[in-house]
Amino acid sequence: MRLGQLLTDLDGAAAEQTVTGFAIDHRKIAPGTVFGAFQGAAFNGEDFIDEAIAAGAIAIVARPEAKVSGAVHIADAVPRRLFAQLAARYFRPFPQHIAAVTGTNGKTSTAELTRQLWRMAGHHAASIGTLGITTASDQAKTGLTTPDIVTFLSNMAGLSREGVTHTIFEASSHGLSQYRSEGVPVSVAAFTNLSRDHLDYHGTMEEYFEAKMRLFDEVVDENGTAVIWADDIWSDKVIERVKKREIRLITVGEKGKGIQLLSRQPTQLGQTLELRIQGDVTKVKLPLIGAYQAANVLVAAGVVMASGGDVEDVLSHMARLQPVRGRLERAVITKSGAPVYVDYAHTPDGLKAVIAALRPHTKGKLITVFGAGGDRDKGKRPEMGAIAVADSDITIVTDDNPRSEDPGLIRADIMAGAPGAHDIGDRRYAIAFAIEHAEPDDIVLIAGKGHEQGQIIMGRVLPFDDVEVARECAA
Ligand SMILES: CC(=O)N[C@H]1[C@@H](OP(=O)(O)OP(=O)(O)OC[C@H]2O[C@@H](n3ccc(=O)[nH]c3=O)[C@H](O)[C@@H]2O)O[C@H](CO)[C@@H](O)[C@@H]1O[C@H](C)C(=O)N[C@@H](C)C(=O)N[C@H](CCC(=O)O)C(=O)O
Ligand SMILES: Nc1ncnc2c1ncn2[C@@H]1O[C@H](COP(=O)(O)OP(=O)(O)OP(=O)(O)O)[C@@H](O)[C@H]1O
Ligand SMILES: N[C@H](CCC[C@H](N)C(=O)O)C(=O)O
Ligand SMILES: [Mg+2]
């Protein structure tokens with residue numbers, strides 16, 4: 001592709017240059033690259049423009065006030081957005097059906113469940129999110145929930161070349177506010193819920209909400225569909241926004257009009273859902289426990305229906321869904337007979353929801369092990385502590401990715417809201433303690449890390465897998 005094909009108002013020799021790629025990191029530039037120089041949280045990308053040009057960048061997408069000499073300056077007040085639009089023209093084609101899911105909790109689960117439902121319907125499907133880039137045969141890590149724009153677009157195009165026709169991605173609030181997932185045609189946008197998280201980055205709940213709303217205001221296509229979980233306290237506000245944009249709307253949940261949840265009956269290994277869809281009432285036996293897993297399944301079903309899925313098929317496929325890695329995953333049963341669950345709950349709302357999901361299955365005591373990440377929202381710590389001690393019988397506060405912070409101080413922030421909890425920093429000892437104290441009718445919950453494979457301490461990642469450690473401690 002010539003630069004003149006990307007920028008139609010360009011002429012002369014500059015227009016004839018061949019574009020060989022796009023980069024947002026100056027260390028990834030080869031001759032012919034278009035470089036996006038953005039102001040970030042840690043660096044100002046504009047500081048690397050000269051080095052980028054020296055390395056062969058032929059055009060720089062940056063603010064009008066940035067200094068560019070020796071390459072074409074593609075100026076825009078919102079350079080991340082323009083960069084995404086240009087890069088999308090370079091990387092396409094993309095899968096025909098692209099959906100996005102946002103919300104504080106449930107994005108990964110909903111994305112995975114959607115991928116499974118599409119696959120059961122015979123489609124070549126993929127998901128992009130916290131677990132990485134997942135297809136039926138492969139999983140590749142990206143390190144972020146919403147990868148950077150170049151990784152995002154190049155992988156979308158790569159999936160399309162592999163024959164993937166249906167893709168769902170997780171739109172995190174960071175990703176949305178940094179235009180990390182733009183440029184692809186998004187035909188379905190879904191919302192799960194909103195509760196406290198990432199206030200270190202967004203400041204207030206209102207700003208956090210606004211960041212998420214970009215998905216519905218700008219990212220989803222004009223003739224696309226919004227699938228909204230109707231029972232969250234923020235749902236009505238989201239629905240209002242969707243109506244203003246006049247895109248198609250499917251609501252799901254007890255208040256849902258597209259898929260209405262009439263009742264939910266827990267069974268030993270799952271739950272029976274009674275649903276009303278298009279006027280018909282049906283029962284579905286779901287092989288997953290907990291109200292929130294049912295919620296995520298219904299949002300996933302809404303996404304599949306919005307992308308043309310057959311209702312009867314969706315309903316029958318629901319009964320064959322597999323659990324999502326690290327989400328209410330049963331790791332082991334202790335020698336005394338107590339099941340040990342690993343879950344990725346890392347927000348106050350998530351912790352409350354996972355304990356509520358396990359409570360109906362607990363005849364004895366519920367023992368909760370959890371912590372909170374360093375260099376992330378501090379306000380959630382005492383809130384999580386308070387929920388854990390109020391809703392479980394034994395609480396153990398431990399470390400979860402302290403990053404650059406003093407782990408003892410993070411635990412002290414949690415303990416301030418958790419009187420009576422045990423404070424055991426070493427996560428392995430904390431898990432061992434919980435398993436040792438579990439009696440036959442008890443349940444152990446290890447929350448916060450889910451699928452994660454490491455403990456991040458001062459820039460180093462020490463191997464750590466909650467499921468594996470639980471199995472070792474129970475052996
Ligand atoms: C706060 C945040 O979101 N940071 C992400 C963001 O950084 P940024 O745009 O602020 O970039 P920066 O590091 O300040 O650098 C500015 C620019 O200079 C460039 N640069 C920088 C250094 C250099 O030597 N050369 C160079 O060209 C950078 O590529 C960047 O374009 O963009 C970077 C590149 O895409 C990400 O690596 C980085 O993720 C950091 C590591 C991170 O921890 N992010 C977390 C908080 C995150 O994004 N989480 C969300 C939400 C998770 C959830 O679902 O709850 C996620 O989507 O994963
Ligand atoms: N619909 C829901 N409502 C409340 N809590 C939920 C819901 N779905 C999941 N959770 C809780 O949140 C945890 C994380 O779920 P999941 O990974 O699906 O969310 P996520 O939005 O992708 O999270 P992240 O923002 O870290 O990517 C689960 O392990 C569970 O404890
Ligand atoms: N165990 C994790 C969960 C974090 C979830 C992640 N999505 C984020 O907040 O960035 C931690 O706090 O490190
Ligand atoms: Mg996720």
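Just so you know, glycine gets a Cβ as well, placed from its N, Cα and C.
Looking at 104-107, 360-363, 400-403, 452-455, the range annotated in TrEMBL as motif 'Meso-diaminopimelate recognition motif' turns out to be 400-403. According to TrEMBL, the residue from Arg330, Arg359, Arg376 that belongs to the meso-2,6-diaminopimelate site alongside Asp400, Asn401, Pro402, Arg403, Gly448, Glu452 is Arg376. Using a 10 Å Cβ-Cβ cutoff, Asn105 (ATP binding site) registers 25 neighbours. Only Gly448 of the binding-site residues listed as Gly106, Thr108, Ser109, Gly448 bring a Cβ under 6 Å of any atom of ligand 3; the order follows the sequence. Only Lys107, Thr108, of the binding-site residues Thr104, Lys107, Thr108, Arg376, place a Cβ under 6 Å from an atom of ligand 4.
A Cβ distance below 6 Å to any atom of ligand 2 is met, among the recorded positions Gly106, Lys212, Arg376, Asn401, Arg403, Gly448, by Gly106. Within the model, the domain 'Mur ligase C-terminal' (326-450) shows a mean pLDDT value of 96, rounded to a whole number.
Separation of the C-alpha atoms of Thr104 (ATP binding site) and Lys212 (N6-carboxylysine): 9 Å, rounded to the nearest whole number.
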